[in-house]
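What TrEMBL says about this one:
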- A:Tyr716: active site, O-(3'-phospho-DNA)-tyrosine intermediate (ACT_SITE)
- A:1-10: compositional bias 'Basic and acidic residues' (COMPBIAS)
- A:19-31: compositional bias 'Basic and acidic residues' (COMPBIAS)
- A:40-104: compositional bias 'Basic and acidic residues' (COMPBIAS)
- A:111-171: compositional bias 'Basic and acidic residues' (COMPBIAS)
- A:353-730: domain 'DNA topoisomerase I eukaryotic-type' (DOMAIN)
- A:1-171: region 'Disordered' (REGION)
- A:649-674: region 'Disordered' (REGION)
Amino acid sequence: MSGDHSHSEDQVDGGSRFNDSHKHKDKYKEKEHKHKDHKKDKERDKSKHGNSDHKDSSDKKHRDKEKMKHKDGSTDKYKDKHKEKRKEEKMKSFDGKVKKEKENGFASPHVKSEPEDDIYHSPKHEKSLKRERDDDNDSEFKPKKIKTEIKTENDKRAKKRKPDEVRNNHEQKEFSIFSNILLKAQNEGTPEEPGRLKWEEERYTDGSKWKFLEHKGPVFAPPYEPLPSNVKFYYDGKHMKLSPGAEEVATFFAKMLDHEYTTKDIFRKNFFKDWRKEMTAEEKAKLTDLKKCDFSEMSDYFKAQSEARKAMTKDEKLKIKAENERLLQEYGFCIMDNHKERIANFRIEPPGLFRGRGDHPKMGMLKRRIRPQDIIINCSKDSEHPKPPPGTKWKEVRHDNKVTWLVSWTENIQGSIKYIMLNPSSRIKGEKDWQKYETARRLKKCVDRIRNQYREDWKSKEMRIRQRAVALYFIDKLALRAGNEKEEGETADTVGCCSLRVEHIKLYPENDGQEYVVEFDFLGKDSIRYYNKVPVEKRVFKNLQLFMENKEPDDDLFDRLNTSVLNKHLQELMDGLTAKVFRTYNASITLQQQLKELTSGEDNVPAKILSYNRANRAVAILCNHQRAPPKTFEKSMQNLQTKIDAKRGQLSDAKRDLKSAKADAKIRRDEKSKKTVETKKKAVQRIEEQLMKLEVQATDREENKQIALGTSKLNYLDPRISVAWCKKWGIPVEKIYNKTQREKFAWAIDMAEDDYEF
DNA sequence: GCACCAACTTAGCACCACTTCA
DNA sequence: TGAAGTGGTGCTAAGTTGGTGC
């Protein structure tokens with residue numbers, strides 16, 4: 001494949017790829033189970049494929065294969081542990097209860113038992129901030145090492161991160177230009193504090209991200225407001241007054257009552273388990289069955305509140321807006337290296353029920369309230385430190401300038417760290433973004449060499465090298481994600497390239513008139529289904545057959561490969577190269593090619609924008625960026641069609657009028673009738689333009705039904721390509737990027753000329 | 001070599017404010 | 001003017017990457 005390889009050509013089923021993706025998530029699940037249930041059938045299939053493929057393989061090849069299998073040491077070097085785990089799961093599945101869970105599409109969740117007397121007191125105003133429960137006791141995740149000596153830990157952290165890559169002169173110079181542009185853009189947008197405006201154009205070479213950082217800390221979720229006494233909860237048909245703690249958690253469930261989540265067994269089970277932890281002993285004894293709980297009055301109350309909010313007077317709404325603006329001004333900005341920067345998420349996530357995506361084993365668990373004593377503040381020593389709410393303390397205040405975050409805390413569901421960071425429009429984020437695209441541009445220069453290399457590696461004597469080469473081919477050709485290994489039972493069962501299992505692909509020596517077709521069917525990030533049928537090169541096909549030999553459906557396809565091995569290899573091929581860079585590179589290069597192909601100079605502005613959206617769409621399809629069709633989709637399409645029909649009627653009327661005006665003018669031959677003809681002509685033109693706009697809108701909307709353009713636009717497409725395209729064709733950049741996007745890509749808007757090449 | 005973890009990017013969904021239209 | 005529709009935005013889950021320590 002060369003730089004201009006076309007993905008769309010390779011996608012046999014490209015056109016209909018997304019039509020059924022969402023509604024078929026469940027079907028997919030069913031299918032997965034069928035795979036397991038019909039293992040024997042699959043085995044037969046496999047041997048069938050195997051037979052046909054072995055027709056042309058000699059005994060020598062078989063001997064080579066055997067040799068290859070053992071050359072790199074013992075088998076299943078990398079993935080033994082995970083494989084074993086899956087096997088264990090399989091064994092467990094014979095146990096009735098677990099088996100039932102699996103049938104429901106959930107892997108056996110890893111649930112740790114908790115002390116029953118661990119009661120969570122729901123907070124009430126200031127008092128609420130003092131909880132009896134110890135953090136470390138209520139978490140579901142494994143306890144992490146407790147850091148005691150701040151200074152030592154800071155030193156360690158500083159050591160941990162390598163200084164940013166040293167640039168060559170050209171890059172340093174370009175970076176300087178970049179900084180100036182970003183400064184200019186930011187200074188136009190935000191007024192600087194007098195005396196604070198002091199920009200350093202040079203980047204820190206010691207790995208520091210900043211020298212000065214000052215902020216006001218986070219905004220906490222508002223305290224829980226107990227329900228009014230007329231809003232009642234019923235158990236088994238009888239009214240029951242809940243304790244504040246139990247009531248708060250109950251409201252989380254009530255607020256989600258209309259959502260599909262609350263119908264899912266695992267969600268209900270997790271919720272009920274965590275809810276019970278918040279109950280008093282008396283409540284715990286009484287409330288034993290979620291099915292008997294009636295949250296409907298609570299649910300109605302919240303719906304009424306929501307309606308009331310909508311029905312507020314203009315003044316009331318303005319008041320709220322002003323208060324939000326005040327909070328934004330106070331907490332939404334920081335000073336980083338004496339420059340005022342917007343903070344992305346200055347509000348702490350409120351408590352609620354965890355909404356994992358796909359078949360997440362932890363969905364429904366209680367996300368606990370974050371308090372000041374959970375919060376780590378990061379700022380510079382010489383700054384004015386943020387103050388915790390009265391009567392509280394921060395967990396820690398640290399001064400680590402090797403990181404970019406301002407605030408962090410550990411969440412209780414997965415035990416992962418959450419951060420408050422800067423807005424994408426900030427210098428620090430913009431610079432990182434720019435670097436990302438520069439790395440992708442460097443890949444462009446050496447991608448042919450890398451492709452030749454992995455093609456050579458398909459013939460390697462070593463299994464691990466062949467696997468690496470085939471995986472890389474998929475990452476490059478199909479823009480698959482790297483695919484880290486995941487802990488089973490902790491998250492939804494999703495995969496990427498390196499973690500693909502045998503059950504995720506099917507091989508067809510011949511399919512729909514094409515040779516060597518691979519069918520992919522798996523759940524990727526966010527449990528979005530990836531379905532694609534792709535013809536591949538013969539060697540890839542043969543290798544896949546080899547990788548699948550003697551394996552169970554739930555065995556790893558690439559058992560000698562993981563992301564770490566792959567990225568190490570990529571690093572050797574190009575400095576800074578990782579699997580992710582291929583996605584950025586292929587997305588950006590595809591946009592550039594598609595724009596060249598689709599844009600016609602003769603088109604008017606709406607037609608050109610349609611071309612842009614189509615190019616954007618090609619990338620979104622490549623990256624498998626899907627969305628659920630909007631709930632109002634069918635209706636809004638219908639409305640649009642009605643408008644189009646009406647406009648068509650209007651057009652034929654106008655044309656008829658024009659015709660008769662022309663005939664009239666022919667007879668009369670006076671100035672007045674000539675003018676009438678001109679007016680009618682203009683009317684026809686105007687209506688034609690309006691009709692065209694509507695038709696373009698309808699096409700665009702229809703094509704976008706299940707495809708999300710925003711993700712690729714924001715994360716994968718070098719904005720300079722879009723800016724250059726706008727400049728070249730005289731399209732206002734506002735037509736392509738909204739305000740937020742223009743702020744994020746301010747650097748590109750100023751930097752790119754109409755001749756920019758990715 | 002591997003598990004673990006921190007730090008960051010990428011991702012889709014839900015809601016709300018703004019716009020459009022009858 | 002109010003209802004309907006939609007794009008923008010915030011939210012937060014879910015990835016990737018790379019360093020550390022055993």
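Don't overthink the numbers, they just go from 1 along the chain as shown.
Cβ atoms here come from the backbone N, Cα and C positions, even for glycine.
Note that TrEMBL annotation is computational and uncurated.
Of all the Cβ atoms in the protein chains shown, 25 others lie within 10 Å of the Cβ of A:Tyr716 (active site, O-(3'-phospho-DNA)-tyrosine intermediate). Residues in the region 'Disordered' (A:649-674) partition by DSSP class (helix H, G, I; strand E, B; coil) as 24 helix, 0 strand, 2 coil.
Mean pLDDT for the domain 'DNA topoisomerase I eukaryotic-type' (A:353-730) in the predicted structure: 92.
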